[in-house]
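K.L.:
I'd like to ask you about the structure that follows.
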């Protein structure tokens, strides 16, 4: 440590030039401090004297200084106002200039940039869409969707109330809602349009119908027209069907009995392509060809044709047809309802009713499935499942609905609403009352039918509106119903309200025992045929589309017409 102190003293005692300096002694430092204190004391005394003199002068001139002070303040205020006005004017000019620039950018500059960017994006998409590997991606770029708040009516969500219990009301009476109809028609006087099929998906709808150019009899040639569109609101705030794209299939292909499904941005239809009449088809082994058509919103279409050997049938069939009414889409599959004649009948007891009927047994019901007019074939309903429907070659599998779960096989439709699948089948046999229920598509297939006593259909004399006793007959007409409540007890439909004739089309809202609210389309003599009803909600408010084949009597042809009603659901207040 002593060595280090010696080095430091040596450093500070040496100047940069190398010469040595003498360190000031303690006495010399003390003398300098006393001198500075004396100087500071004198300065303080001088400042005190100066302050006293200034105060005396101010007091002497006080009378004059107050007036000068006021004038000074006023001058300062005026100067401040001038500065304020100058600043305000300057700021206003700057703001106006900047606002003009912003307005110019918004009205001109930004739109120009947006248009340029839009063109760039469109060009990029077009270039991408020219590549085959991106075709599926590009097909999804067309933005078509139902109006906001519109969705297929789901009974579980619809049939409820904030307070109280829901019910169908008879007052006020339902009425037709105004709006246009753009269903496909005929360009010839004698043209006949038949078999309307409507599927309403989450984003779009699909509609299909068959056109025969001369009369309604099958002449071996017919057009099939498939439309895709969306549901919008018209100026009266009522829903409308708005077609976006339409495709007409070759008249020589003679598609028949087509069922449709709308899912995603595509429409699918499954049709039969018969080369013989129906009775001849049932009398021979094997089925006529089936065809699956695909149509997208860009108008692109694709068709897959299947021969008997290419369809996975669980039993040999002599005839098989899609059921006209719409099908459903599930994960990876399309499911259509179908019907046809088995080459060899199945064993088992079918749905039956013997109470109140004379000389009727279970055997009577079993034999009633075998239709003499169709070569004695046992007519059953089937599930037609199209697997991998997005692939290059979808596969078709047919599963027969057990005869223990069903009545006579017939036309019909499927609806997937919420977590339930609803089934409707035409009352073509002895059971004339409405046939609607819940289908369990797991194995084995089961149907929980909802008994309806109020709704029926016209039929021949032996199987008319009121018939409930088993016997062999093939009659009736396709008049499907849409479930409004989860148990399908409350429904919307269009019935031909007559005993034996296809007349008097009437829109009906009904429960299992009573017709609650109804509207006759015209009069009891108006001739009609097939009807189909599909319902939607718009932010919870229910509406139904009714498509009815109306007989243009002066022309003696059929033409589907579109009608719309508001669902008369109310809430019963709790007492």
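Each residue, glycine too, has its Cβ placed from N, Cα and C.
This is the feature table in Swiss-Prot:
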type	residues	note
COMPBIAS	1-10	compositional bias 'Basic and acidic residues'
COMPBIAS	11-23	compositional bias 'Polar residues'
DISULFID	192-216	disulfide bond
DISULFID	258-271	disulfide bond
DISULFID	357-469	disulfide bond
DISULFID	463-473	disulfide bond
DISULFID	535-544	disulfide bond
CARBOHYD	77	N-linked glycosylation site
CARBOHYD	499	N-linked glycosylation site
CARBOHYD	511	N-linked glycosylation site
REGION	1-24	region 'Disordered'
REGION	10-14	region 'Incorporation in virion'
REGION	59-140	region 'Involved in interaction with F protein'
REGION	254-259	region 'Involved in neuraminidase activity'
TOPO_DOM	1-37	topological domain 'Intravirion'
TOPO_DOM	59-575	topological domain 'Virion surface'
TRANSMEM	38-58	transmembrane segment
K.L.:
From the DSSP assignment alone, can you count helix, strand and coil residues within the region 'Involved in neuraminidase activity' (254-259)?
P.N.:
0 helix, 4 strand, 2 coil
K.L.:
Find the one among the disulfide-bonded residues 192, 216, 271, 463, 473 whose C-alpha lies closest to that of residue 499 (N-linked glycosylation site).
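P.N.:
Smallest Cα separation from residue 499 (N-linked glycosylation site) among 192, 216, 271, 463, 473: 463.
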K.L.:
So, three-state DSSP: helix, strand or coil for residue 535 (disulfide bond)?
P.N.:
strand
K.L.:
If I take the alpha carbons of residue 535 (disulfide bond) and residue 511 (N-linked glycosylation site), what is the distance between them in whole Å?
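P.N.:
One finds 16 Å between the Cα atoms of these residues.
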K.L.:
Among all protein chains shown, how many Cβ atoms are found within 10 Å of the Cβ of residue 192 (disulfide bond), not counting that one?
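P.N.:
Looking across every protein chain shown, the total is 23.
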K.L.:
Can you figure out which of 271, 463, 469 (the disulfide-bonded residues) comes closest in space to residue 77 (N-linked glycosylation site), comparing Cα atoms?
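P.N.:
That would be 271, nearest by Cα distance.
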K.L.:
Name, in the order they occur in the sequence, the residues of the same chain whose CB lies under 8 A from the CB of residue 357 (disulfide bond) and which sit 6 or more residues away.
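P.N.:
Listed in sequence order: 468, 469, 470.
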K.L.:
Just jot down the residues in the same chain as residue 511 (N-linked glycosylation site), at least 6 apart in sequence, with C-beta under 8 A of its C-beta; none if empty.
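P.N.:
Non-local contacts for residue 511 (N-linked glycosylation site): 168, 454, 489, 490, 491.
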K.L.:
Across all chains shown, how many C-beta atoms besides its own are within 10 angstroms of the C-beta of residue 463 (disulfide bond)?
P.N.:
25
K.L.:
So among the disulfide-bonded residues 216, 271, 535, who's got the most Cβ atoms within 10 Å?
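P.N.:
It comes out as 271.
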K.L.:
Within 10 Å of each Cβ, count the other Cβ atoms, then let me know which of the glycosylation sites 77, 499 comes out lowest.
P.N.:
77
